[in-house]
Amino acid sequence: MSMAGWITIGIFFLCVLALTRPLGGFLVSVLEGRRTFLSPILGPVERALYRFSGVRPEEEQSWSHYALALLSFKIVCFVAVYAILRLQAYLPLNPAGQGSVAPDLAYNTAVSFVTNTNWQSYGGETTMSYLSQMLGLTVQNFVSAAAGIAVAAAIIRGFARRESKAIGNFWVDMVRATLYVLLPISVVLSLFYVFEGIPQTFSGSVVATTYEGIHQTIALGPVASQEAIKMLGTNGGGFFNVNSAHPFENPDALTNFVEMISIFAIGAGLTNVFGRMVGNERQGWAVFSAMSVLFFVGVTAVYWAEAHGNPAFSAFGIDQSLGNMEGKETRFGVAASALFAAVTTDASCGAVNAMHESFLPLGGMVPLINMMLGEVIIGGVGAGLYGFILFAIIAVFMAGLMVGRTPEYLGKKIEAREIKMTMLAVLCLPLVMLGFTAVAVVVKPGLAALSATGPHGFTEALYAYTSAAANNGSAFAGLTANPYWNITLGIGMMIGRFFVIVPALAIAGSMAAKKIVPPSSGTFPTDTGLFIGLVAGVIIIVGGLTFLPALALGPIVEHLSMLRGTLY
């Protein structure tokens, strides 16, 4: 662990902190329909979209209509992406002559990008045409992220409004998030990435001759534009198979730093949106503070584990001064790789600049735990905030039980309906993560995909289903997905996305209809250090202890075995 590494982590956090309030203010203006500096340019486009699609922006929706609109849109998106992938061989912009995608892989990929997971059971440069990458996958990177922002906005309105049946209009929220937030920032990021050397071309692959006289095919494509929204929208699906470890996706330390900032930017800004819209900015900073505490715990743990190197190698006299460099790029090193791993799994991004499977057992366990906690540490675009609010509801419910009074959050009483919806959303994740893993490690198709045995093989399976249910998309790359995995992972992605969103919207509708209760001497304050500690504790206890037995069978046992000289 070096001073340079800690300085990198510190500067990264300060940059995120500096962006939180200004970006939060801009997001509030966009979501509330106020005039912004982009309105003269994009206002006519927004109004034209409403006229063309028949949307009446002044008409708001109840939570059930909001959820129905979202689910209907997602079904259309799934069908569109699936059709593009299945017909790929007959569509233009396919200079490499890629064939049509197999049915199970097309299903898995369509579900993956529609749910903002971006799990990839394929290598992008060897499977997808340029049209599929742009029209199919990149479009979903925009609209899936916009849907997350829309849901977060709807839930915030649920707490901010009183005696209201409406929580907003899904179509309006999604259009505004796409037009005013995601597209403009992505354009700026794309230009920066092109300047840094990331390709943006429709030309086909280039054949080069190496120093050894061997011919090598170098894949190109419209990479920069996809890279921008891939990070900003916490999507994570790479244009190339090795994702952001590829020099054409992430060429140097500067692009690596900007990509990490992009992952956290909107999620951090939404915490400020929360505070502003409920009328108390301190509430937003309390949420951000709780997330930050958990972030530093995680990044410290993974950095410590990777910086100390592999003790089994040290026994052979191998120099470990650089830490565990297996699976890492020398242009980034251990510190930047550890930070990237923490950031991408704190958010539901899933992009990687190093191979998580090559991390040491405890180092690989940290990204796994981040996902098991529901990725509420900043989290995915929108998803992190509403996931955190679910845990905040549990925290104030527990606090209410301890003092013998009806729990309240932001002046709204937390009653049986809200607790039932919260537990439905919270419990569906471990059900998928643990249940599907248990089945996969005892059936032949499940075992056939694993490249390792023992605890490491178990961790491969556990990581895959955890990543799918958490809508992250990163993987222990030794797993070779077959039709069994493609189908079951797709099911896990849908449950992890929509079995959280729908209960969260139901809570928003219920809270919007309630009166705001004036605070009293018995009201539990939710903008103090006590609340921050309580929520962090609930996240660790409720989220973490659920998975302790599974972690004991995987990375913990593997770590203890490694100390005795046994590697997997």
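Each residue, glycine too, has its Cβ placed from N, Cα and C.
As given in Swiss-Prot:
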type: TRANSMEM; residues: 7-27; note: transmembrane segment
type: TRANSMEM; residues: 65-85; note: transmembrane segment
type: TRANSMEM; residues: 136-156; note: transmembrane segment
type: TRANSMEM; residues: 179-199; note: transmembrane segment
type: TRANSMEM; residues: 254-274; note: transmembrane segment
type: TRANSMEM; residues: 285-305; note: transmembrane segment
type: TRANSMEM; residues: 332-352; note: transmembrane segment
type: TRANSMEM; residues: 354-374; note: transmembrane segment
type: TRANSMEM; residues: 377-397; note: transmembrane segment
type: TRANSMEM; residues: 423-443; note: transmembrane segment
type: TRANSMEM; residues: 487-507; note: transmembrane segment
type: TRANSMEM; residues: 530-550; note: transmembrane segment
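Under 8 Å from some Cβ of the transmembrane segment (285-305) lie the Cβ atoms of residues 1, 5, 9, 13, 20, 268, 271-272, 274-275, 324, 334-335, 338-339, 341-343, 346, 359-360, 362-363, 366-367, 369-370, 373, 376-379, 384-385, 388, 392, 526-528, 531-532, 535-536, 539-540, all in the same chain and six or more residues away from its ends.
Counting C-beta pairs under 8 angstroms (sequence separation of 6 or more), the transmembrane segment (423-443) reaches the transmembrane segment (354-374) with 3 or more such pairs. Tallying C-beta pairs under 8 angstroms between the transmembrane segment (354-374) and each of 7-27, 65-85, 179-199, 487-507, 530-550 places 530-550 first. Away from its own ends, the transmembrane segment (179-199) comes close to residues 26-27, 30, 36, 38, 42, 45-46, 49, 142, 145-146, 149, 220-225, 227-229, 231-233, 248-249, 251-252, 254-255, 258, 262, 265-266 of its chain (Cβ-Cβ under 8 Å, at least six residues beyond either end).
With a threshold of 8 Å between CB atoms, the same-chain residues lying at least 6 positions outside the transmembrane segment (65-85) that come near it are 91, 100-101, 105-107, 109-111, 113-115, 128, 131-132, 135-137, 140, 143-144, 147, 150-151, 154, 167-171, 174, 498, 501-502, 505-506, 509.
With respect to Cβ pairs under 8 Å, the transmembrane segment (136-156) is most closely packed against 377-397, considering the stretches 7-27, 332-352, 377-397, 487-507, 530-550. Only residues 6 or more beyond the boundaries of the transmembrane segment (7-27), in the same chain, are considered here, and those with a CB under 8 A from a CB of the stretch are 36, 149, 181, 257, 260-261, 264-266, 268-273, 275-276, 284, 288, 292, 295-296, 299, 303, 335-336, 339, 343, 378.
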